[in-house]
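Step one of this worksheet: look at the structure below.
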Amino acid sequence: MESNMEQTTTKLSVMNVFKFAGAIIAFLIGSGFASGQEVLQFFTNYGLKGILGVFVAMTLFVVLGAVLMRYGFNHRNELASNGIRHYCGKIFGTFMEWYTPFFCFLIGVIMVSGAGATVNEYFGWPNLVGTVGMTVIVFITTLFGFNRLIDIISYLGPLTILFTIVIAGISLLKNPGGLATADDVLRSSKGIIYGAGNQSFSWVLSAFLFVANNIVVGVPFITVLGKSAKNKKEAVLGGVFAGIALMASALLLNLAMLSEIGQVLKVQVPVLLLAGNISTIISFFFSLILLEEIFSTAAPMTWTVAYSLVGRNASKNKYRLIILALTIITFVISQVPFGQLVAVIYPITGYIGVILIFLIIGREIYDFVKHNRSTENSAELAENMKVGLANDATKDK
């Protein structure tokens, strides 16, 4: 165990740090974030208080990203270790080991279904074109395995962040005065969907739920990603920068939507509205970005389920069969309307995720205190031995 905890002497690679951050962002961001719908429900609909919620979520993402990446690096020689039992204990950990792959699978189905809806809405093609195309792409890329998948999606996350920042930045510059009236517009609007209700401090819980829904599926992926780092600092910085970049773009997007809140509340894809207000060309490119984000979520989700079923050290043939079976089942179920199931699963997962967040932070505090006590006891023991040897030497004289 101690050897796993040791820091390697490899020089810090800035490229690897950004690669890890990009992979985490691509995995977590999804079409819900890229479309603006998640940011709208969990932050924007709470008005200016939602801005504070963004910073709460950023803090949580930074801490959890760093902690999970470090755990993965420290346990890089343990193929079966994904951190769930370490943080959750035997009983809740066993439940999470079953629930997490199920939720990942569900998200994969939703993403493939979303691809069908996207090509139908933006290009006028049948839904089947989108679902078949996305299923085939996910199947081919996941066949390459984890490392190759990371190489692919690590470039997609930053691309989406950059595109979102450009759209949000231009939109905000066009109508900065809209921020002053945002709260009034929200108070007079009806039918608003809130991430966690509309009580006085619901914006705090909403920020926690936003992170929680992501971290439930993120634990296995991020900890395994941490095993790819060359040294501990590289792993930790990858998690830190992922949290900062993800929520910095969410902050800008939140401000942009607040400035246009009257229009934003009337549409299903807020960022498409913002993009269309800038240019039809920008709007077209956004539809492609949305498909790219669907892929960058669906592929890692499929890998996460396969990894949970067969492990990372399984034979190639067994891995390929599992991937084939998963993609076929995903395609079949993606043809069915999934709205009611999602409406039940997502809130449940959010509250499970809140428990998981507190367990992770609690275990880290426990390990920190235990390590410090162990260090103090070792120092005290060494000092006592030193005094004892000195006394023995005096007696001998």
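Each residue, glycine too, has its Cβ placed from N, Cα and C.
What TrEMBL records for 12-34 (among others) is transmembrane segment.
Summarising the annotation, TrEMBL assigns transmembrane segment to 46-69 (among others).
Feature annotation from TrEMBL assigns transmembrane segment to 98-119 (among others).
Sequence annotations record features per position, and here TrEMBL assigns transmembrane segment to 125-146 (among others).
Residues annotated as transmembrane segment in TrEMBL: 153-173 (among others).
The transmembrane segment annotation in TrEMBL covers 203-224 (among others).
Residues 12, 16-22, 24-25, 28-29, 33, 36, 39-40, 43-44, 50-51, 54-55, 57-58, 60-70, 158, 161, 164-165, 167-169, 171-172, 179, 222, 225-226, 229, 264, 270-271, 274 of the same chain lie 6 or more positions beyond the ends of the transmembrane segment (236-257) yet place their CB under 8 Å from a CB of it. For 236-257 (among others), the entry in TrEMBL reads transmembrane segment.
Long-range contacts of the transmembrane segment (269-291) within the same chain, counting only residues at least 6 positions beyond its ends with a Cβ under 8 Å from a Cβ of the stretch, are 31, 34-37, 39-40, 115, 118-119, 122-123, 130, 134, 159-160, 163-164, 167-168, 170-171, 174, 253, 256-257, 260, 263. Residues annotated as transmembrane segment in TrEMBL: 269-291 (among others).
Remote same-chain residues near the transmembrane segment (321-338) are listed as 105, 108-110, 112-113, 116, 128, 131-132, 135, 138-139, 142-143, 298, 302, 305-306, 309-310, 314 (criterion: CB distance under 8 Å, separation of at least six residues from the stretch ends). According to TrEMBL, the transmembrane segment annotation covers 321-338 (among others).
TrEMBL lists 344-362 (among others) with the feature transmembrane segment.
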Report task. Please indicate, using numbers and ranges, the residues of the same chain that are 6 or more beyond the transmembrane segment (12-34) and have a C-beta under 8 Å from a C-beta there. Result -> 65, 69, 107, 111, 114, 118, 150, 153-158, 160-161, 164, 214, 218, 221-222, 225, 228-231, 233-235, 237-239, 241-242, 245-246, 250, 271, 289-290, 293-294, 296-297, 300
Query raised in the report: Excluding the flanking five residues on each side, which residues at least 6 beyond the ends of the transmembrane segment (46-69) place their CB within less than 8 Å of a CB in that stretch?
Result: 20, 24, 83, 179, 182-183, 186, 194, 202-204, 206-208, 210-211, 214-215, 218-219, 222-223, 225-226, 229, 235-240, 242-244, 246-248, 250-251, 254-255, 258, 357, 360-361, 364
